[in-house]
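Under the heading ATP binding site, Swiss-Prot lists GLY156, GLY157, ALA158, GLY159, VAL160, GLY161, LYS162, THR163, citing sequence analysis as support.
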Amino acid sequence: MMDRKNASPNSGTVIAIRGSVVDILFAEQLPPIRSLLTTGHQHQILIEVFSQLDEHRVRCIALTPTQGLARGMLVEDSGGPLLAPVGKTILSRMFDVFGNAIDRKAPPIGTQWRSVHNEPPAIAQLATKSQVFETGIKMIDVLMPLERGGKAGLFGGAGVGKTVLLTEMIHNMVGQHAGVSIFCGIGERCREGEELYREMKTAGVLDNMVMVFGQMNEPPGARFRVGHAALTMAEYFRDDEHRDVLLLIDNIFRFIQAGMEVSGLMGQMPARLGYQPTLGTELSQLEDRIANTDSGAITSIQAVYVPADDFTDPAAVHTFSHLSASIVLSRKRASEGLYPAIDPLLSNSKMATPSIIGRRHYDLAQKIRSTLAQYAELKDIIAMLGMEQLSPADHKIVARARRLERFFTQPFFTTEQFTSMPGKLVSLNDALDGCERILHDEFKDYPESALYMIGSIDEAVSKYRPKLDRVNSQ
């Protein structure tokens, strides 16, 4: 836990408790907003100042459960805001929002403590050069390339594969990524965090990774601050160590949801659909700190739960505006077994321009999108009249699109235990080569199943070419 030897002697008294909301009376000096206060018999209850009611009273939100708290109890001002541990010694460790180690090991030695509330980098410090960040996942690298130092969102409802895709990206990137990876779990299942820790440990990539959790069983105040704590750690590695950082957030919607709970507890007037009126400001305070500067880059990939698959929900709309790439997961594709269940027509990236990814990649991506869009339009005709009513040109479009859809499926390392299929990491050049050959009808005689759940296109060739040669020779 953070050092309180230099804590302020300022103290107050609890005068009202309403769930996680605590009103405190300070007879002398009023603590500033965002100050961390401690109370309870063993100073185990941590409270953050949310607003100042008058010259003697503050209204606070509890960051820990308030069991045992009573009116009249003494409250001490810690003398500053919530702090997070930073330094090389936090690598390979797992923390909660307060910087306590939760991996059943001794607390790290020699850590520094910094405020979780920091300002975004100045505009003059931001790097403007755009670079592509490869993931090893075919559909993402070809159609919606990610930006180094940018923010990508994984949008989807419940059970379409957001966490699996995020975990796969960690697996692929931590191995080839020279920097540091920080996983921030906001309001998600404790079980997933424990599984992720074991997987990363087994894969041997934990040495360059930090995990921070504020899970769904914790009070809204803790879930609301854990994202800021993870960002403080990321900023240390970027600004002090000059290393690139991969920040993975699961789930940014739970951050917004925690803010909504805090807003409701504080009695603020709700905005549309019950969201807090300060939704845009709160999200910007977090997102704007994720940036690419001259000293290094923080690249962020964020899972975004979409309530009831409604992409007009204010939480989804506000998150969209901060992202350089949006990866939309489709329940329909998941039901068809096309994993990763990414919708190629709804997903997009600001990086997909000729000046950044090159003319060949751009033209190929546009041709793939056009083919898949034409196939989507033809599906209604096929459903009503059958394939026989299509023209020869439309037949070719359907054949190419269906083979592209299957080629874009990919077995994941993180699902090997469920599917019994070894995971595949595919380079961008191999993915582009495969798409180009499919669009040139090189695989029109191959069954669609030959392209399903493979890595590079050469796997289909080596597996089915002997069979085709035997058929042709007969």
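In case you wondered, yes, glycine gets a Cβ from its N, Cα and C as well.
Because the structure is a prediction, the values reported are computed rather than measured.
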DSSP output for THR163 (ATP binding site) maps to helix
Using the structure shown, find which entry in GLY156, GLY157, GLY159, GLY161 (the binding-site residues) has the sparsest Cβ neighbourhood within 10 Å.
GLY159
For the recorded ATP site, whose residues are GLY156, GLY157, ALA158, GLY159, VAL160, GLY161, LYS162, THR163, find every other residue on that chain with a C-beta no more than 8 angstroms from the centre of their C-beta atoms, and list them by sequence position.
TYR305, LEU329, ALA334
Applying a 10 Å Cβ distance cut-off over all chains shown, what neighbour count does ALA158 (ATP binding site) have?
11
On a count of neighbouring CB atoms within 10 A, which of the binding-site residues LYS162, THR163 is highest?
LYS162
Name, in the order they occur in the sequence, the residues of the same chain whose CB lies under 8 A from the CB of VAL160 (ATP binding site) and which sit 6 or more residues away.
LEU329, SER330, ARG331, ALA334, ALA341
Taking DSSP as the reference, which of helix, strand or coil describes GLY156 (ATP binding site)?
strand
